[in-house]
Amino acid sequence: MTISLPLDAVSGESSTRRALSDISLAVAKSKKIIVVTGAGISCSCGIPDFRSSDGLYSLVKQRYPDIVLKGRDLFDASLFRNSASTSVFYTFISQLKRSIDAATPAPTHRFIQTLDAKHKLVRSYTQNIDGLEERIGLRGSSSQQAKTNGKKKSKLKIKEVRNVQLHGDIHRVRCTLCSAEMPCTEEHLHAFENGKAPNCPECTSRSEARVARSARALKIGTLRPAIVLYDEPHPLGDDIGTIQTMDIARKPDMLIIMGTSLKVHGLKKLVKDFAKVVHATGTGTTPSGTPKVQKSWQGKVIFVNKTPPGSEWSDIIDCHVAGETDAWVDKVLEDWKKMRPSDWEIQQTLDHTDESNGFKAVKETTTKTKGKAAPKWNMNVENVPPEDPFFSQPASPSKKPVSVPSSPSKRRQSVSHYSDVESSPRKRRDIARIADGMDRLDMSDRCKLFADATNAAKNAGGDDLLMGELQPPKAKVRRASASVVSREYKPRPRNIAKSRVEMWVEIPKPSIHSRL
């Protein structure tokens, strides 16, 4: 059910004010917004309307009083069937083009550009042919910069198109024969004002080239405004369909419709497709199987127009804001800045200090991209070990000192982590202290157990070996005292080894008498 909210009653009922504030908050919190606009957003730009006493229809009737044409007939493809209606169309378009050239973008156009600058705009779709979105930085689908250049049929650069022009662009002309497009110049406008169509320069040059080589001349087409009329296929219809499919796949969470009566069949289908995806935003199930709860600001379809929508939109449009689009966007921006001031902060850095008045001057800077840049590797150097981060070098003016990593995870892991060089500072100190103590110990008497036992047995006498088992003496253990490891004591060189003493024992053979 569509809820109607009068914009001029903001200071009235509290429920209306609260509902309008909720819509402003939804715009501020949404991240993927689709905008669809019509002729209503350009009424405040200085472009005269069609049906007023001084409108464009009245100017056409003054010049062609005998021809009866309705407003819709001036944008219908059937007017090209006879020369009289075609002349009326060209005169009408020339007056409209001059009015658009003198117009300036409205606050609604700048609001759409703000959504794009805040990275909230998925894309803008418009029925307008004035191209005012292009002036504020939203590249249109009819722009030459958004098309590929080549011998084949030009295609759109989808990523560069920010505003899809559903009905073409009045600032360009197209050949009725070869479909060549070019900017609309003053020469073209002068011909249109007289009810005539200029010849296509592309067809003329090809025909003259054939005549120069004695070939048959080609048919020359005429130029017409590059706008799409009713019951006429769009030259970029396939590309626009691809763009719409991509935007639906991005799952937008809000749809804003402004300044259109939603009467054109193609636009009605486009709006319904987007509204279906928007309403499904935030729904579904979690990986555990529980259903998701849609947030209060998600999945909103907002319609801003003076006249309410028809009954067929009751289940599609959630809120209808009755009023001017410029007044509504001003209120949304005002509420947005109050509710979320952090979205409007500008990052600044210190530039210099003015000592005369004590104030610091700052300058605006852009935010740098997060992440570390990949290190540059010299391909001409091979098998060169990296520098040791713990090797201290004297500071020199040409080279900066090597900084020691602050944690083990940042150290070079090219060798084993048990290395004494790459260990922690405390471990290196302990290793150095132990090595210094070992050098001060007296290791001259260190020998094998069997050598000491054999020497002891030789000193005691050889008869003990015949009478029974040899009882080896207890090993002497010398403990290092404080005096041993003192600095005054000079230990013996470690490379002098004590000579080992060998002993031979002769065992007599048993005699015959001993057996008896």
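Every residue, even glycine, has its Cβ placed from backbone N, Cα and C.
Features as listed in TrEMBL:
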- 13-345: domain 'Deacetylase sirtuin-type' (DOMAIN)
- His167: active site, proton acceptor (ACT_SITE)
- Cys175, Cys178, Cys200, Cys203: Zn(2+) binding site (BINDING)
- 348-429: region 'Disordered' (REGION)
- 351-367: compositional bias 'Basic and acidic residues' (COMPBIAS)
- 392-408: compositional bias 'Low complexity' (COMPBIAS)
- 419-429: compositional bias 'Basic and acidic residues' (COMPBIAS)
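Cys203 (Zn(2+) binding site) sits 25 Å from His167 (active site, proton acceptor), taking the CA atoms of both as reference points.
Each residue in Thr176, Leu177, Ser179, Ala180, Asn199, Pro201, Glu202, Thr204, Ile220, Gly221, Thr222, Leu223 lies on the same chain as Cys175, Cys178, Cys200, Cys203 and has a C-beta within 8 Å of the C-beta centroid of that Zn(2+) site, without being one of the site residues. If you take the Cα of the residue listed as 'active site, proton acceptor' and the Cα of Cys200 (Zn(2+) binding site), they are about 22 angstrom apart, rounded to a whole number.
With all protein chains in the displayed structure included, the most crowded Cβ environment within 10 Å among the binding-site residues Cys178, Cys200, Cys203 is that of Cys200. The 10 Å shell around the Cβ of the residue listed as 'active site, proton acceptor' contains 20 further Cβ atoms across the protein chains shown.
Non-local neighbourhood of Cys175 (Zn(2+) binding site): Glu181, Cys200, Glu202, Cys203, Gly221, Thr222, Leu223, Arg224, each in the same chain, at least six residues away, with C-beta under 8 Å from its C-beta. Mean pLDDT of the predicted structure over the domain 'Deacetylase sirtuin-type' (13-345): 89.
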